[in-house]
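Novice: Pulled these from TrEMBL:
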- 8-139: domain 'EamA' (DOMAIN)
- 31-55: transmembrane segment (TRANSMEM)
- 67-89: transmembrane segment (TRANSMEM)
- 95-115: transmembrane segment (TRANSMEM)
- 122-141: transmembrane segment (TRANSMEM)
- 147-167: transmembrane segment (TRANSMEM)
- 149-285: domain 'EamA' (DOMAIN)
- 179-197: transmembrane segment (TRANSMEM)
- 209-231: transmembrane segment (TRANSMEM)
- 243-262: transmembrane segment (TRANSMEM)
- 268-286: transmembrane segment (TRANSMEM)
Amino acid sequence: MNNKIKTHSLAFLTILLWGSAFPFTRFLGDAISSSALCFERCCISAIVLLIIGKICHIRKPFCKKDLLWFFLSGVLGFSAYFMFFNIGMSTLTSATGSIVTTSSPILTAIGLYTIYHERINWIGWISIACAFGGVAVLLLWNGVLSINIGILWMFLCGSVFAGYSVLNRKFAEMGYTAMEVVTYSAVFGAIQTMVFLPDLIHDMANAGLSANLSGIYLSVFPSALAYLSWSKAIAIADRTSEVTNYMFVNPLIAAIIGFIMLREVPDMGTFIGGAIIIASVIVFTLKGAGAAQTKQGHPKLADVKH
């Protein structure tokens with residue numbers, strides 16, 4: 001399997017798992033609080049990834065200075081991201097939450113252009129705009145879009161994850177593998193959220209079996225395994241934007257899983273909007289990304305593969 005096929009396969013697997021996080025979080029409802037779920041996802045993710053990392057013989061951080069980068073990565077990709085996501089989803093519909101998080105690829109592209117001059121051509125920007133249009137069709141088909149403070153939380157969620165995606169490139173340049181990056185980021189995320197351990201113990205003791213199993217699922221699959229596949233996809237991709245634009249598929253995946261889990265019936269807008277989203281991602285992948293180079297003219301970071 002060549003790197004291009006592997007990149008897109010890993011990216012799609014990640015989005016499939018992340019798309020399931022919306023209906024599963026809705027299913028949890030008030031059974032587990034936002035803070036408790038944040039710690040649960042960070043803690044279990046760290047444990048699972050440490051076990052996998054031990055089997056894969058991951059290396060220790062190269063120097064103490066790198067611990068500061070992993071601390072920041074833990075904030076952006078785990079503790080802050082999960083907290084913002086949980087709070088936002090407590091006040092928004094699943095569909096509205098998913099459209100706001102699609103801001104992440106745009107913010108990632110801007111960050112990569114600023115730092116690494118990873119370019120996107122005019123076809124790419126048109127594809128991004130069309131993808132947003134597809135998500136808008138999906139959400140507004142029935143003329144309903146819930147607007148409240150949750151919008152801010154979900155935008156912050158997309159913003160911090162964009163920072164995490166950019167940091168993945170830096171870690172690749174520093175010589176870390178995807179497994180090492182996501183493992184140490186999760187560990188720091190767990191440390192940062194340990195203050196919520198009493199909340200988790202209280203909520204799990206009072207929650208039903210289905211709620212507790214849902215929390216474990218969110219911690220293992222959309223968290224640990226999805227983050228690992230996401231980091232690996234970014235590490236081997238020719239352009240980070242090839243991977244991040246798969247986030248536009250999130251609303252479609254969430255709608256399908258929501259139908260299976262919660263009997264939410266997708267309307268025609270879901271099918272039309274979903275078709276526009278997928279077509280836009282395909283066009284971007286094939287024609288939308290320009291040549292990337294650093295400010296110093298060195299080879300692009302994607303050439304550092306693990």
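The backbone N, Cα and C atoms fix where each Cβ goes, glycine too.
Nobody curates TrEMBL annotations by hand; they come from automatic prediction.
Computed from a predicted structure; not experimentally measured.
A description of the local structural setting of each listed feature is requested, covering burial, neighbours and distances.
Specialist: Non-local neighbours of the transmembrane segment (31-55) in the same chain are 25, 78-79, 82-83, 86-87, 90, 179-180, 182-183, 186-187, 189-190, 192-197, 199-200, 202-204, 206-208, 211, 215-216, 218-220, 223-225, 227-228; each lies 6+ residues outside the stretch with a CB under 8 Å from one of its CB atoms.
Cβ atoms under 8 Å from those of the transmembrane segment (95-115) belong to residues 19, 22, 85, 88-89, 128, 131-132, 135-136, 138-139, 145-147, 150-151, 154-155, 157-159, 161-163, 165-166, 169, 240-241, 244-245, 247-248, 250-251, 254-255, 292 of the same chain, restricted to positions at least 6 beyond its ends.
Remote same-chain partners of the transmembrane segment (122-141), defined as residues 6 or more beyond its termini with a Cβ less than 8 Å from a stretch Cβ, comprise 95-96, 98-99, 102, 105-106, 109, 241, 245, 248, 251-252, 255, 267-270, 272-277, 279-281, 283-284, 287-290.
Shown for the domain 'EamA' (149-285): DSSP residue counts in helix, strand and coil, namely 122 helix, 0 strand, 15 coil.
Packing against the transmembrane segment (209-231) from elsewhere in the chain are residues 10-11, 13-14, 17-18, 20-21, 24-25, 27-29, 31-32, 37, 40-45, 48-49, 52, 77, 82, 168, 178-179, 181-182, 185-186, 243: each is 6 or more residues past its ends and has a CB under 8 Å from a CB in it.
Remote same-chain residues near the transmembrane segment (243-262) are listed as 7-8, 10-12, 14-16, 18-20, 22-24, 26-27, 94-95, 98-99, 101-102, 104-105, 108-109, 127-128, 131-132, 134-135, 138-139, 162, 165, 230, 233-234, 237, 270, 273-274, 277-278, 280-281, 284-285 (criterion: CB distance under 8 Å, separation of at least six residues from the stretch ends).
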Novice: Tally of helix, strand and coil residues over the domain 'EamA' (8-139) according to DSSP?
Specialist: 109 helix, 3 strand, 20 coil
